[in-house]
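Everything below concerns the one structure shown next.
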Amino acid sequence: MNAPLGGIWLWLPLLLTWLTPEVSSSWWYMRATGGSSRVMCDNVPGLVSRQRQLCHRHPDVMRAIGLGVAEWTAECQHQFRQHRWNCNTLDRDHSLFGRVLLRSSRESAFVYAISSAGVVFAITRACSQGELKSCSCDPKKKGTAKDSKGTFDWGGCSDNIDHGIKFARAFVDAKERKGKDARALMNLHNNRAGRKAVKRFLKQECKCHGVSGSCTLRTCWLAMADFRKTGDYLWRKYNGAIQVVMNQDGTGFTVANKRFKKPTKNDLVYFENSPDYCIRDRDAGSLGTAGRVCNLTSRGMDSCEVMCCGRGYDTSHVTRMTKCECKFHWCCAVRCQDCLEALDVHTCKAPKSADWAVPT
């Protein structure tokens, strides 16, 4: 007799726990979980009691967070698109990234920061769009104010980013606050850096009122910038991430290399050096770079020499459809023809050892 669908949901958390390593932020798996709020809250493995309480109490916020997971993972993949580790996700793994983030590396620091930022962004946006019962536009942005251009009236809908930060801190940090180990402190630091990054790009937008746009009266509001700005900023922080060690009393960090400055609240921190990600490695969670597309003319991280780790590359000849011979027609359209373009695609060779192909 076939088990009912509800029975499958009851077994799913236990099955995922058996099959995948424990990674702190199991709420990342909310991207792949559909159905009612009860199904989502009770069947995402690894949530602590505080997270489940918030999940049951605010199902609309959880839906926003779930949609936000897809956005910040896409941003992570954009930032790492030219690197050996490309922020690839594992759809059937409740940790979303597998074992790779078990290491306290730069990559872990970035993922925790961008995920925390993504929660702030998703909740704040949902507040402004009227999708959440617990918040709306920023209630503090009312009345008259002044800036370098003079007096203006607060109007429109200012993004309520303080609410987004408050909820993100309560939900995302809940599991880390239960632990007192070094990794929990690292995650909390990078989570906070991610939240602060979103607020950094809050900008004032204004609309002029008056005869012929004379701007005798201005109405202004605060709006978040596109999430790409946050991603670009955290990418720079990733490249300048600071390696740290725990201090003697185990309550904070000190720099691993005394020549470097102490990390600020905006910096990303990490404990362990990253693997090279060249070959498939179960323990490191690395998928390797065999089969990855590389750039023959680049001298950067996406070059065939760097991406392929010196193993060489294969070249295939492919054709693709592109737009060509585009012309502007008055008024107001651009019309193009479809053309076939021939090009060479270079992909990294596999290691000579056969064990690279064993699935993780």
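Here the Cβ of each residue, glycine as well, is placed from N, Cα and C on the backbone.
What Swiss-Prot records for 1-25 is signal peptide.
Under the heading disulfide bond, Swiss-Prot lists Cys76-Cys87 (among others). In the three-state DSSP assignment, the secondary structure recorded for Cys87 (disulfide bond) is coil.
Around the Cβ of Cys127 (disulfide bond), a 10 Å sphere holds 24 further Cβ atoms from the protein chains shown. The annotation disulfide bond is assigned in Swiss-Prot to Cys127-Cys135 (among others) on the grounds of similarity to another entry.
Counting every protein chain shown, the Cβ of Cys137 (disulfide bond) has 20 other Cβ atoms within 10 Å. According to its DSSP assignment, Cys137 (disulfide bond) is coil. Per Swiss-Prot, the feature disulfide bond maps to Cys137-Cys157 (among others).
For Cys206-Cys220 (among others), the entry in Swiss-Prot reads disulfide bond. Taken residue by residue with DSSP, Cys220 (disulfide bond) is part of a strand.
Positions annotated as disulfide bond by Swiss-Prot: Cys208-Cys215 (among others). Counting every protein chain shown, the Cβ of Cys208 (disulfide bond) has 12 other Cβ atoms within 10 Å.
Taken from Swiss-Prot, the feature O-palmitoleoyl serine applies to Ser212, supported by similarity to another entry. Listed in sequence order, the same-chain residues six or more apart from Ser212 (O-palmitoleoyl serine) with CB atoms under 8 A from its CB number zero; the list is none.
For Cys278-Cys309 (among others), the entry in Swiss-Prot reads disulfide bond. Cys309 (disulfide bond) is surrounded by 18 other CB atoms, counting those within 10 A of its CB over all protein chains shown.
All protein chains included, Cys294 (disulfide bond) registers 20 other Cβ atoms within 10 Å of its own Cβ. Among the features that Swiss-Prot reports, disulfide bond is placed at Cys294-Cys304 (among others), with the record citing similarity to another entry.
Residues or ranges marked as N-linked glycosylation site by Swiss-Prot: Asn295. In the structure as shown, the Cβ atom of Asn295 (N-linked glycosylation site) sits within 10 Å of 15 other Cβ atoms.
Sequence annotations record features per position, and here Swiss-Prot assigns disulfide bond to Cys308-Cys348 (among others) based on similarity to another entry. Cβ neighbour count for Cys348 (disulfide bond) (all protein chains, 10 Å cutoff from its Cβ): 22.
A 10 Å cutoff on Cβ-Cβ distances gives Cys324 (disulfide bond) a total of 11 other Cβ atoms nearby, all chains included. The disulfide bond feature in Swiss-Prot is assigned to Cys324-Cys339 (among others); the stated evidence is similarity to another entry.
If you look up Swiss-Prot, you'll see Cys326-Cys336 (among others) marked as disulfide bond. In this view, Cys336 (disulfide bond) is surrounded by 11 other Cβ atoms within 10 Å of its Cβ, with every protein chain counted. In the three-state DSSP classification, Cys336 (disulfide bond) falls within a strand.
Per Swiss-Prot, the feature disulfide bond maps to Cys331-Cys332 (among others); the stated evidence is similarity to another entry.
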- Here the 10 Å Cβ neighbour count for Cys135 (disulfide bond) comes out at 22
- Message: Please report the distance from the Cα of Cys304 (disulfide bond) to the Cα of Cys326 (disulfide bond), rounded to the nearest angstrom.
- Response: 33
- Item | Close in space, distant in sequence - Cys339 (disulfide bond), Cβ under 8 Å, 6 or more apart | Met321, Thr322, Lys323, Cys324, Glu325
- Query: Which whole-number value in Å describes the distance between the Cα atoms of Cys215 (disulfide bond) and Cys206 (disulfide bond)?
  - Reply: 10
- Indicate the candidate from Cys206, Cys220, Cys278, Cys304 with the smallest number of other Cβ atoms within 10 Å of its Cβ, considering only these disulfide-bonded residues. Cys206
